[in-house]
Every structure is written in C-alpha cells, then in structure tokens.
Number of protein chains: 2
Amino acid sequence: MTTNELYSSYEQKMQRIADIKFATAVLQWDQETNMPVKGAQFRGQQISTLTELSHDLFSRDELGNLLQDLLAKDDLTIEQKRNVERNWEDYTKNKKYTSGFVRALSEQINQTFHAWIGARKQNSFALFEKDLDKLIQLKKQETDILGYQDHPYNALLDEFEKGATVSLLDQTFHDLLPPLKEVFNKIISKPQVDDSFLCQHFPKDEQWKWGLLLIKELGYDMEAGRQDISEHPFSISFNAQDVRITTRVDENDFGNMTWSCIHEVGHALYEQGLPTAHYGLPLGEACSYSIHESQSRLWENNVGRSKAFWQYYYPTLQQHFPQQFGAVELARFYKGINKVQPSLIRTEADEISYHFHVYIRYELEKKLIEGSLKTNEIPHFWNEHYNNLLNVTVPDDKRGCLQDVHWSHGSFGYFPTYSLGSFYAAQFYSSAKSNIPELEEQITKGQTQSLLHWLRENIHAKGRFYTSEELCKQVTGSGLDVSHFMGYILKKFETIY
Amino acid sequence: MTTNELYSSYEQKMQRIADIKFATAVLQWDQETNMPVKGAQFRGQQISTLTELSHDLFSRDELGNLLQDLLAKDDLTIEQKRNVERNWEDYTKNKKYTSGFVRALSEQINQTFHAWIGARKQNSFALFEKDLDKLIQLKKQETDILGYQDHPYNALLDEFEKGATVSLLDQTFHDLLPPLKEVFNKIISKPQVDDSFLCQHFPKDEQWKWGLLLIKELGYDMEAGRQDISEHPFSISFNAQDVRITTRVDENDFGNMTWSCIHEVGHALYEQGLPTAHYGLPLGEACSYSIHESQSRLWENNVGRSKAFWQYYYPTLQQHFPQQFGAVELARFYKGINKVQPSLIRTEADEISYHFHVYIRYELEKKLIEGSLKTNEIPHFWNEHYNNLLNVTVPDDKRGCLQDVHWSHGSFGYFPTYSLGSFYAAQFYSSAKSNIPELEEQITKGQTQSLLHWLRENIHAKGRFYTSEELCKQVTGSGLDVSHFMGYILKKFETIY
C-alpha cells in the first residue's frame, strides 16, 4: 500500500471510532437535557454498549499494526506524522489495560458513584468511604499498570495533563500559594465590598434572554451549537459544527447563570475552532484539559469579570434588569462581581481562593495514592486544611469532602487542571494583550473578535499538535509561568480592595 | 451449552444490536428537533456508521448459528421460540443481500432523496425522474434478490406488511372502493359543511398547552416520553420507557396540530405498551406497520373525531380558545372537523378520500415494479387518476406526484399500510365496543382508560408474536374485514351530510 492509502485507511478507522464516541456524547447530552426519567435504565445500557464498541475498535491489533506501519514511513506530512504519533501513544497506553481491569474499574466506578449520591443525600462521608477506598485501591493498581517515574500519582496526572508531574505541581503551588495567601489575608482584613444586589429576584425568562445575548456576542456560532438547561452546566461537542452548552438559572442569584454561560462558551468557542479537516484525529481534538480550562477561565475571568468588559455590557444589562441594576453604579457592580471571601464550595469560589480549594484536593489525592493518607482520614484532613488555608470551619461533609463528583468517577489527577487552566489563561491573556495592543480598548467597545481570532489562530487551530507546555511556549515564548497569574491578581484586586 | 445459556447469549447479542439501533434513533430524533444546521454533515456520517455497525452485527454467521442451534431446541418457552423464529426469518432475509447491493441502494437513495428535495423546490418531476428511475431499477433487482410468488411487488409489500400480497390488496380495494366512491359522490353533491372556524388565528402557546393536555389525558406517560416541535410530526422510540412524539403548530389552522398530536400519541401509546422484558427482541417490537398505523388512526379518527369524544372535550377546548370557539356549537364543530372534500394532498385528506390517495399510489407502484408503467409516465398517470377518482385537477407536480417523500427513500410497498391501518382500526374498534359495552358512554365522560387497557392487553403486550392477520383473528375473531370500516363510514357520515 502507498503511504496515502495507508493514511486514508487509518483516517477512516479513526473517524469511525469518533462517530461512535460522538454518538455516545449525543446520548449523554440528551440524558442531561431531555430524557424522561424512566428512560434512564435502557439509556445506560445503550451508552455502555457504544462505549464498549469504540473501545473495542481502538484496541484492535489491526489498528496498532497500521499505526506502526505509518510510523515507519518517511513521507508523511508533519501534521499527518503528529496525528499518527499521538494516536500511537494513546494506543500503546490503552493496550496496557486488561479487559478484566477495565471491567472491574468500570463496575467499581458505577458503585462508587451511587454510593456518593447516597452519601451526599445522607450528608455522611462514612457511607462513601468503603466504595471510595476500593476505587482508590484500583487507581493505585492503575499506576502500576501504566508505570511512572518518581511518584505513582504522576501516572494519573498524565491522564489529564500530559507531562504534568508532582514535582512540577509542588513547585507551582509552592511559588504561588504564599503570595496568593498574602493577598487573600490582606483582602479579608479590609472592609468587604457589597454584592447584595446580585441576590435579588431575576426572572428566569429575562436571564435566559440575557445569557443568549452574551454567548452570541462573544462569538458562539448558534448555527453550530445551542444552549439548553441542565442541572449542572456543561459543554459538549459532537464535532466542531455541533458544540452545545447548557446552563442553569437561579432566580435569586444573578451570577450563577451569567458566568457559567461565559465559562461554558469559552469551552465551546475552543471546540468550534478545532479544524474539521482532522475530525476524529488528534489534530481535530483539544490540546489538553488544562488548555481547555484556560479557554473557559480566560473568557470567564480575564474578560468576563474585567472592568473593560462591563464598561460596554453594563448599560445593556441595566436595560434587561432595570429594577435590579438601575440604581447600581458600574463601579459598585464591578467590585461586587469580584468579591473575595473565604468559602466552602469550590465552584462558587472567587478567583483567588479558588486555588486553595484545588490545592487541598491535590494534596489529598497525592497522599492517598502514595499511601500516606488513609481513605477514612479524608474528612479530618479536609476540614483541617480548610480551616488553615481558607479560614472556614467545614460544618458537614456535604459542604466539605463530599462536594465534588470527581473522585466517585475515579478522576484522580483531574483537579490540578483547574488551577493550571487559570494560570495558562493569565499567561495567554498577557500575550494576547502584547500582540493586540488595542485589545482592552476594543473590549470597552464590546469588540472581542480580535481576541477570539487570536485564540483561534494560536490555540484552537492547533488541535492536539503540541502538549500544553509546548503550546504555551509556542504562543507566549515561555513555558507555564505563574507570575502572569499573580501579576493579574495583584493588579486587579488592588483597585477593588 | 444449556438452552438457557444459549438463549441468554442470543438475548445479549440482540440487545446489543438494539442498543446501537436505538442510539441511531436518538441521533435521528435530535437531528429533527434540536440539531444546529451546520451539524448535518458529521451527523449523517455518525448515523451511517452506527447503521452499518448494527447491520454488520446482525449479519454475522455467529448469530445465524446461534439462531439455528436454538431452533433445534425443544425446551424453549413458546415466547422464546417465537422470538427466535422471527429473528431467523429476519436473519435469512437479511442474508440475501450482498453488501455491494446494500451500498448501491443506500447511495442511490441518498441521491434520489436530494433530487426529490431539489425537484420539489423547482416544482418539476423531470428533475426527479432520472434518479427515481435508477432507484426503481434497483428495487426491481431487490424483488429478484428476495424472491416472490405471483407478483414482484409482493416481495416489497412483504417488507412492510408480512403476508400482504397484490391479490389481497387488489381484492380489498376492489371490495371497498366502489361503495366508498358512492358515499364520496353523494357527499360532494350535498351542501358542504362549514369548517371556516378552524382557520382563525390560534396562538402557538395556547395550542401547545392544549396539545399537551390532550396527549396526557389520552394516557401518554410523560415520564416515559416528551413532545417537541419538528417540521413533520413523528413518533420515535428508544425503548418502551422513552417514546417521543413531535408536532408542528400552524397558527392559522387549528386541525393541523390537534389531530397530529392524537395521531402520534396513538403510535406512542403502542410503543409505551410494548413489553420491556423483551427489549431488543421481536416480542418487544410492534407487530407491523399496518398495526402501528391502526393504533394511530384508531385514536385519531374512531376516537378523536367522534361525537362522544368532543362531547367531553369541547367545553375544555372552548375554555382554551373562547374567542375562536365560544360562539361555535358542538354540532357545528363536529361536522366541521369531519368535512369531506376532494383534495390534492394525502396527509390533509378526510377519512373517506384518504384511501383514494393511497390507492393511486398503490396502483402506480405495482405497475412501476411489474414494468407496465415507465417512470416518465408517472405524472400523467397520477394526474389522470386524481381527476377520475378524486375529481380534482392537479395544478403542478409539487401538489401532485412529488408530494410524498416515500419513493425517494425507496419505500415502495409502504403506502398500502396506511389504508390497512384504517381498516384494522375500524375492526379493532368494533371489537373494543363489543368487549366494553359501556365504552362510548365512558368516552362521553372523557374516560378512555378502559379502551387503552384493552388495546394494551390485546395488541400492545403481544409485540411481534403474531402477524397482522393472526393478531386480527386473535383480537376480533376474523381476518381483515373491510366491512367494519365501511360500516363505520356509512354510519358516521349519514349523520353529518
């Protein structure tokens, strides 16, 4: 076979797998947005069957041989070569798992997830502990299956963030946390800003209209996506031409919907910007979890909580909610939406304390996987660190170590990508400003297209060509450098507090 | 392997195939209701991949051998035996097709469908003719592949209606059409009833509420289904616990939404009543297309256009639309919704002339497949028969032989099931009335539960255990007998005209 024929055959196989994966995503989206309650049982079965099918197709020796044949070719284009290399990495990693282990893990995740649901309802970690422990033992096994250098947790980090390691994260948090804690302490010693106007009554329909207006203005292509309601906001893609987002509306909390719309649209703009020519191949996929999160955080915070942004949008917002915001001045609104305070729930945290939440989970996971912390010690560890780092007393497990779903899904190694996302966002945003000197001026006029265009060209269009670190160097001239984030925080909050 | 083990393995394989087929249905439902326009290309690819996958799994020798092994067992329950027999029939039929033919057919259907879209837009059959002709040649080939007795069209009829034949349909239409034409002629010679009140302005939101009320009252389980908007109303099932319907709203035509809701809910009640224990197996599937249609027509016409039904619902309807119906008496309303008149469009036809539409298509298809009519002669044949049978002059192809999508999908042999559905509906309804003597009295009180219960027990719960004809005998004591339909028509319309 010629190289072209081999490559076409590879493309076809990968697209077929993608078709099944994206079909599964449609079933999942429907499950969260439209499915009638009784549909759950068979839907679960349908999703399992498709998941198994795509996994089976991706594990076949036939595909492995094809990838190896292609790796040996010297007349692939650079993009073709990268696609094949990335898939080969995925393939060999995937091959390490026995089907017995995959089944055991999937069954334990299912059990642990249901245990979590029950434990949250009963507000008791004890009800979760046994299943979580079994899952942690399996995740430890997984680190052996995958192999690692230096620290077993590295094997799990690598799942979500290629190249991330304990030593790198330790260093990052070591550099960042002390100055961040200093700002935080300073802020909470000052008079608190007022954000009470965000907790008035905001009618659902009007919030919905406002949310739609925002996402369209930010460049979300409604002909290649749609917004719906779900219990937890998320974004999901079935291909770059059909990327959907969901939101929820809290009539008593304006912030809930607005920034979740901006956050999810950040994810969606990334997916809509991926090259369709590489559908089903690595270059048609997002770079990594942290880079994905960098896009949502950049729009949500660096843009969506900036003074420039609201200079333009605030009058429109006031027109939508004259009763609620008519008497609130822009300066007061801006301070209110950037309020910093100790808090219990990660997803509701401000831009500063957010990283304390992530750090505590990171420390916990690391210790659980290395075996220096036992599963039953989680609540004590959690509560103690919340007290030390966030100055809050955790009143119960529901608002403490049971709050996030990730562990019940077996997603150990995921949380750090949330913080990395914010750090990359700040660094990318610095670069964007250097490259588009008139950017902030444009934003005050509601023009964010040049920013989107810059992100599209430098980040979205690249797909999974680079690792996060490589991409960061490519775009900003250096690897991850948290001083951008710290600089952003210092500059922003000295004008607020 | 024990019989039980064999049977379980068979069940598992069939459920897996069902999972993929129903996942495909979710993708199709989403395509019609939610998908953003740009999503079409990749969605088409995803649907093709899943369709190919389920077809591939159903064609494997492994499954064939398993079915044969099971057929040889003598300790299957009667239900198990029937499942295996039905699947063996499907399997052997399916095996007759070469993959080359399947691909050629699917590609030609795709082309013909697009040609139809274009031809309709341009209002010109000539633009459709070439592709339609190619498709007809393939369908003729298909009759040879499948084999047939007496008439090639029988092979295609059998696809949609097991056991239906040209001689049976010829006889049925021969018995029915002359008396039906006589009633029709008599009616159109009389003063026409007034139905102008149905074409006022009916606000969308209020129609939507009214439609939801109706389907719920008729017993549609909203926890196992949902209603949405689509261009053409349809019902679709992902399993008996998740059966969805769609509708459309015409603000200037009250009838459009109301009876399409009742029609689709008739289909959906059937699907919601199928036994979940046989998910993925023949006994978990509907009996046939005509029996499916009998359920929708029974609710739409025998119930939904009856005097008894509106005796109860009309006051509620008047409350929903006081301006439109406040001054219209029930008797006038009842006559208006049963207006009979010559017309061009099948889907909008009254209960009598509907069958003239179907008959013309049946005659056309029969002649095309036997080769006595050429594809380019369709418009002339069509227009001539519409003139003779329906007393209308067809003004153009769009309102003539281009109006239905079926041929462009290659669905030759489908139309007759529409008429059979009405005939079965009348026969079932006669039986229901004999078995539930107080039925019409109940319906005047809005109580249709005993009817639904009777249909559930006698028809829905049986799945595909019987053929249409067997089921009809089982339920009514005799095979299809159009005198029930004729009797219903005569009795009903003598009070209206």
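Backbone N, Cα and C atoms are what each Cβ position is placed from, and that goes for glycine too.
No curator has checked TrEMBL annotations; they are predicted automatically.
Secondary structure at B:Glu264 (active site, proton donor/acceptor), taken from DSSP and collapsed to helix, strand or coil, is helix. Positions annotated as active site, proton donor/acceptor by TrEMBL: B:Glu264.
Taken from TrEMBL, the feature Zn(2+) binding site covers B:His263, B:His267, B:Glu293. Proximity of B:His267 (Zn(2+) binding site) to non-local residues of its own chain (separation of 6 or more, Cβ distance below 8 Å) is seen for B:Ser235, B:Ile245, B:His292, B:Gln295, B:Ser296, given in sequence order.
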Output field, Zn(2+) shell: CB within 8 Å of site CB centroid, site B:His263, B:His267, B:Glu293 dropped: B:Ser235, B:Glu264, B:Gly266, B:His292, B:Gln295, B:Ser296, B:Arg297, B:Trp299, B:Glu300, B:Gly421
What is the interatomic distance between the Cα atoms of B:Glu264 (active site, proton donor/acceptor) and B:Glu293 (Zn(2+) binding site), given in whole Å? 10
Around the C-beta of B:His263 (Zn(2+) binding site), how many further C-beta atoms are within 10 angstroms, looking at every protein chain? 23
Looking at Cβ-Cβ distances, which residues of the chain lie under 8 angstroms from B:Glu293 (Zn(2+) binding site) while being 6 or more apart from it? B:Thr417, B:Tyr418, B:Leu420, B:Gly421, B:Ser422, B:Tyr424, B:Ala425
I want to verify one value. Collapsing DSSP to three states, which class is B:Glu293 (Zn(2+) binding site)? helix
